[in-house]
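Taken verbatim from Swiss-Prot:
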- D33: active site, proton acceptor (ACT_SITE)
- Y153: active site, proton donor (ACT_SITE)
- K184: active site, schiff-base intermediate with substrate (ACT_SITE)
- D33, H34, G35, V36, S37, Y153, P154, R155, G209, G210, G236, R237: 1-deoxy-D-threo-hexo-2,5-diulose 6-phosphate binding site (BINDING)
Amino acid sequence: MKMFNNIKNTGKLIRLERIFDKKSEKTVIIPMDHGVSSGPVAGLKDMRTAINSVAEGGANSVLVHKGIVRHGHRGYGKDIGLIIHLSAGTGVSPDPNEKVIVTSVEEAIRMGADAVSVHVNMGAPTDCQMYQDLGKIAETCEYWGMPLIAMMYPRGEKITDEKDPEFVAHAARLGAELGADIIKTNYTGDIDSFKDVVKGCPAPIIIAGGAKSTDAEYLQMVKDSIEAGGAGVASGRNVFQHKDVIGITKATAMVVHENADVEEALKVIKK
């Protein structure tokens, strides 16, 4: 895949092909790590059903914590990639923006992971520790041939707007500078400003799915991010909390991989 031409580690390249579409060179990831931060939220009470639904809808990968792997493993149907999240923090913590490492790269390898992810909140009181963690994990991932996704969010006292293009561009570049292979971050809200974010980051960028919105608004955001040079989407609540999980996953994949119009993609969602 051309976007990963700068990666020479064969192990990373083989694993990346399991979470990216080889033709479009883009990805649809469904994060399902919310149980740690928020508890068993709607849509994720039955993890096996949730994972089965997005797999049947054509998602490239799910992203979960280590304890969920055994509960969501699929022995049938469509293949789906596995990304194991290494960071944790809860919404009831004294500092919800603090993330600590709870899983090792080696443990993720033993579980069959195709990639690992780390969460960093740029601007949080403990952000320097998160930077250190990311840098160390990047070194370990390079050694083992494990792709690393950095979830890079501008969040903290000095962050006036988490979607501000300058903050988003800084967060994305920070993740790439510290060794991440793929960056997940906020969409800035318009194509031109996100183009600048993509231009300033040497690693491919996928956008977060954002807050719950209408199907049309969500799919338009995804389409705009792709037009701006994004490499896909990692969408949680807009997918797994949908009344037609399979349909919205299919629609997302159509926009990301087939460059479908929003109106066309909306037709596959059951009303």
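Using N, Cα and C of the backbone, Cβ positions are placed for all residues, glycine too.
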Around the Cβ of D33 (active site, proton acceptor), other Cβ atoms within 10 Å, all chains included, total 22
Of the active-site residues D33, Y153, K184, the one whose Cα sits nearest to the Cα of G236 (1-deoxy-D-threo-hexo-2,5-diulose 6-phosphate binding site) is D33
Rounded to a whole number of Å, the separation of the Cα atoms of G209 (1-deoxy-D-threo-hexo-2,5-diulose 6-phosphate binding site) and K184 (active site, schiff-base intermediate with substrate) comes to 10
Expressed in Å to no decimal places, the gap between the Cα atoms of the residue listed as 'active site, schiff-base intermediate with substrate' and the residue listed as 'active site, proton donor' is 8
Spacing of the two Cα atoms, D33 (active site, proton acceptor) and P154 (1-deoxy-D-threo-hexo-2,5-diulose 6-phosphate binding site), in whole angstrom, works out to 19
P154 (1-deoxy-D-threo-hexo-2,5-diulose 6-phosphate binding site), Cβ-centred 10 Å count of other Cβ atoms over all protein chains shown, is 26
Cβ-Cβ distance under 8 Å, sequence separation of 6 or more, same chain as Y153 (active site, proton donor); the residues meeting this, in order, are H119, V120, N121, M122, E162, A171, T185, N186, A208
Top of the binding-site residues G35, G236 by count of other CB atoms within 10 A is G236
A correct count of other C-beta atoms within 10 Å of the C-beta of S37 (1-deoxy-D-threo-hexo-2,5-diulose 6-phosphate binding site) gives 17
